[in-house]
Amino acid sequence: MPLPSARPAAALSVQSMLPALVVPWLAACDGPQSILDPAGPAARGVTLLWWPMLIVATVVLVGVTAAWIVAMLRRPRDFSPEEAKRISRRWVVSGGILLPAASIVLLLGFGVPVGDRMLPRRGEAPLRIDVTARQWQWDVAYPGDGVVLVDELHLPAGRAVHIHVTSADVIHSFWVPRLGPKIDAVPGRTNVLRLQADEAGSLRGQCSEFCGTGHAHMVLKVHVHTEAGFSAWLTERAAAAHVGGKDPAGATPGGALPAPAAPGAARNPPRLVSGVAFLP
Amino acid sequence: MIDGRPDELHQQFEEVWGNPRGWRAATIVNHTRIGLLFLLTGLGFFIFGGLLAMLIRAQLALPDQTFMDADTYNQVFTMHGTVMMFLFAVPMMEGLAVYLIPKMLGARDLVFPRLSALGYWCYLFGGLILAASLFLELAPDAGWFMYTPLSSLPYSPGVNSDFWLLGITFVEISAVTAAVELVVAILRARAPGMTLQRMPLYAWYILTMAMMIVLGFPPLILGSILLELERAAGMAFFDVARGGDPILWQHLFWLFGHPEVYIIFLPAAGLVSTVLPVFARRPIVGYRWVVVAVLTTGFISFALWVHHMFTVGIPHLAQAFFSAASMLVAIPTGVQVFSWLATLWLGRPVYHVPMLWLFGFLVIFVAGGLTGVMLALVPFNWQVHDTQFVVAHLHYVLVGGMFFPLVAAVYYWLPHFSGRMPSARLGRWGFWLVFGGFNLTFLVMHWTGLLGMPRRAYTYAPGLGWDVPNLVSSIGSFIMAIGIATVLVDVLLHFRFGVRAAPNPWHADTLEWATRLPPAAYNFISLPTVDSRYPLWDQPELAKKMARGEQGLATVAHGRRETWGTDAVTGEVREIIHLPGNTWLPFAVALVLSVVCIGLLVKAYAVASFATVVAAILVLRWSWENGAHEESGIGVPVSAGDPPLHWRTHDGPGRWGMGVTLLADGALYAALLFGWFYLWTVAPQWQVPAQSPLDARGLLANALLLSAATLWLRRVLAALRRGSDKGLCGQLAAVAALGLLQSAHLLWLMYTSDLAPKGTAHDAVIAVVLGYALFHCVLAGIAIALQAWRVHYGYVDRAAPYEPIVLGQLWYYNLGVMWSAYVALVLFPSTWGGV
């Protein structure tokens, strides 16, 4: 499915600052599911981790390889036992201990805050969307509005969304790569994933935990609306659902109010309270 | 070696140690033969798994391919992973260790030769059963990780998952048996004078690997048993609705699965640490650093398993802990890499084909390690987990970290297998094709993953940016396959055209190069005494002296197979280990076990039960042919000045073997108790019955009865150690009777309880704990009853006190099992407000 690019300006400017080393890659970094083409803050955080990690890793790999080649090719020298001991200790301590230790500290120092920013936040009033995965489709519900979709997710741009993910059968994994991290859909549990999209457009998601013969085709179409566009869309859909008209996008039997097999995701008939709900 | 005496000795040794030909070859227990069989079988499965990989790459080469349908693809990728992990990587590494370790340690064989043979046959039969499933189009198709509930009965109703669970459990017998005997051989059968600090580094690596298998495989064995019980008997462990939890499977699987990665990598790193110094022409730099690094890796690897589960939705604090722990592994690995570098730097490297493969190992493995550190970072992991990026990473680590050192090792030890030297030209072609093809395949695959392609998808739509990189990967994989074929041809041709190898052709330091090339079944005419870490470098005359029969245990006129039993730390001689000769028993046991396995597969439970009884009888017969019952050379006393045969002591290798086996057994039991507490605290719909199904007092009485029997046995053993065998037969018989009475009582308790193992996970776990205890108590009772009988026959007395002492450990272990079961099943629930 051809999708319009929704790459935000911010990402472009970040990428333009990157060293020449990675420029040839950039042309090939676009794609409907590319992690390197972020369309939301969470995915952008990961991209910002990736490029420096790639550069450091490349430097280390080239350095170690070069040291090996030089050691193999250079003219052998004689070392006194003291010299040998000193040199070997220097190599092992600096390369074997200090280098990885420093890398780990740096990595955690920069990486952990990025991870923390992805988590659901206290005091936020996000939009809640319930996603129930089953072999092999995504049931997407907007609790409070009675809207149920299949394999289609609609979101407002610029606003945090909490996706409450569970499964009706086997384990699946909910993932919209350009928005951010994935979370497993586990039967008996509900996991909450916080996502936010930068601007209106279309995105693609795909199940990323092996779930049987339909795994490769368990695709989710994601439509990001403007805030106003989303309200309009939801109102229209909710009205259609209340009238009892069959949801054109959702093939769920019974239309508006499904009888979810999903444990843990209680869905009551419309209580239009700003679209926020909490776990039972 | 044209000297007359060695040839005469060789003839004598061949009579005792020689391998029979024809169909009797199935009776061979000798480690050299068993090791070679492991390697050859592993090669066969490698080719099989490699062909499956080719099928996968053919399918993914272009978008929307219909070369395979989803169902076939799922079977193929599941089998590729399963075969490469369980039937190639682990058995190959163990097989090489089985072949090398006794020779490197200056011994004639491993300490439990029949166990090596049993392990091999279980591996072969289990592997064949598993491989057969693919040809029946019934192969496992839920992934090599077999996540529940996809692998559970409702979503995998066919026999496919059963093939995996039963076949793999069968194969794992071989992993665990080989591990047990490698541990004991390394600790108790080294050359005199080989203190722990003088042990070749390879032995340290193998010791660590084997201990990791001992502790790491049992959780998976337990998980497989539980899942099979759920599938076949309807018990509940992973089913949410009945109080189970599918995530428990993931914990059990990765409790095994992460150590598994190091179980594969460490022995390969051991090969690097062995081969590299030889070609650097100097001892490895920082021997102690490397030993500490290896042991540290072993420890840390048990604290990492959750990094495979970052997207499951576990608490963030736990994720942070496992993230940091995963990164910490970079430090011991870095220490090893830099001590290899420093060794090269300080040495006078010479260039042979194995060095080329070590270079390839370094580049690829370091790259894989670096992406591994990236993956340990939780937010990055959340993005790329279960994408092609991870597929690329794991192939960098496993192919780089295991396959490349393995090929280096094969080239290095080829003179050992064939007596001939490898060629240089074809070997180089092979290397560059594999190296280039590998990087083309998998370097590009990182990018495919970053473009968002998930793993395990049998096809993909065009236009997602995945077409080009997938095609490149597929082309690369075929180049790699051509390279591997080149290497195989090279190795094959060398058997015919290779130049004859001189003794110790690479001028190596380790004792395996003091054998004939190829080695005789007995390894060494006489066993060396070692006073250095690098015996063949520092004791230049040693190999010749050994061949002339001028070192230890140079006589075989008594008809016994013998090797030194030495102290675990100091390497001082303590006893002569009297090794069993060739026998049909291991082959027969494995054959009957495969009947059990097939019986369970086709749900012919009567056949399976009958075969189980036959297997038990065969195993008991096996235990009967021990010590004073051994046919050969019992009557001939040891030479003057030599220590006693091991079964005349209180502490032979069998005692250590029992201890290590019980460690494995304990790891399984600990995993079971972990499951119990895990489900209590985490399972989403855990259900505790209003009334306890257990008779708490009855269980207490049962534990007290076992305590009484064990205490009595302890008194008997204490007397035996003091040299008194008064009333031994009667007392042992009484202890056995008491033990079997306790077992019967336990069975009655289970039978009369209200357990509903099909109803709730709560009852199912209790049933398994009690069943586990019952099995062990019955086994211990029968074993002691047989000992009483052996006293009657005169095989066991104060002059041969060994066997009851070995068995004592099983009784102490059972006591621990019984009381911890009481605490976990009765006391813990009552303090937690349950029943």
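Heads up, the Cβ atoms here are built off N, Cα and C, so glycines get one too.
According to TrEMBL, the protein carries these features:
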DOMAIN    B:23-531  domain 'Cytochrome oxidase subunit I profile'
DOMAIN    B:573-831  domain 'Heme-copper oxidase subunit III family profile'
TRANSMEM  B:76-101  transmembrane segment
TRANSMEM  B:121-143  transmembrane segment
TRANSMEM  B:163-189  transmembrane segment
TRANSMEM  B:261-280  transmembrane segment
TRANSMEM  B:287-308  transmembrane segment
TRANSMEM  B:356-382  transmembrane segment
TRANSMEM  B:394-414  transmembrane segment
TRANSMEM  B:471-493  transmembrane segment
TRANSMEM  B:607-624  transmembrane segment
TRANSMEM  B:699-720  transmembrane segment
TRANSMEM  B:732-752  transmembrane segment
TRANSMEM  B:764-789  transmembrane segment
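Under the criterion of 3 or more C-beta pairs below 8 Å, with sequence separation of 6 or more, the transmembrane segment (B:394-414) and the transmembrane segment (B:732-752) do not qualify as touching, having fewer than 3 such pairs. Residues of the same chain lying 6 or more positions beyond the ends of the transmembrane segment (B:76-101) and with a Cβ under 8 Å from any Cβ of it are 31-32, 34-39, 41-43, 45-46, 48-49, 52-53, 55-56, 59, 68, 110, 116, 119, 123, 127, 130-131, 133-134, 139-145, 164, 168, 171-172, 174-175, 178-179, 182, 185-186, 202-203, 206, 209-210, 213, 260, 263-264, 267-268, 271, 398, 402, 406, 409, 413, 456, 512.
Under 8 Å from some Cβ of the transmembrane segment (B:732-752) lie the Cβ atoms of residues 694-695, 698-699, 701-702, 705-706, 708-709, 712-713, 716, 767, 770-771, 773-774, 777-778, 780-782, 784-785, 787-788, 791, 804, 811, all in the same chain and six or more residues away from its ends. Over the domain 'Heme-copper oxidase subunit III family profile' (B:573-831) the predicted model carries a mean pLDDT of 94.
If you look at the transmembrane segment (B:471-493), the same-chain residues 6 or more away from its ends with a CB under 8 A from one of its CBs are 50, 53-54, 57-58, 60-62, 407, 410, 414, 422-423, 426-427, 429-442, 444-445, 448.
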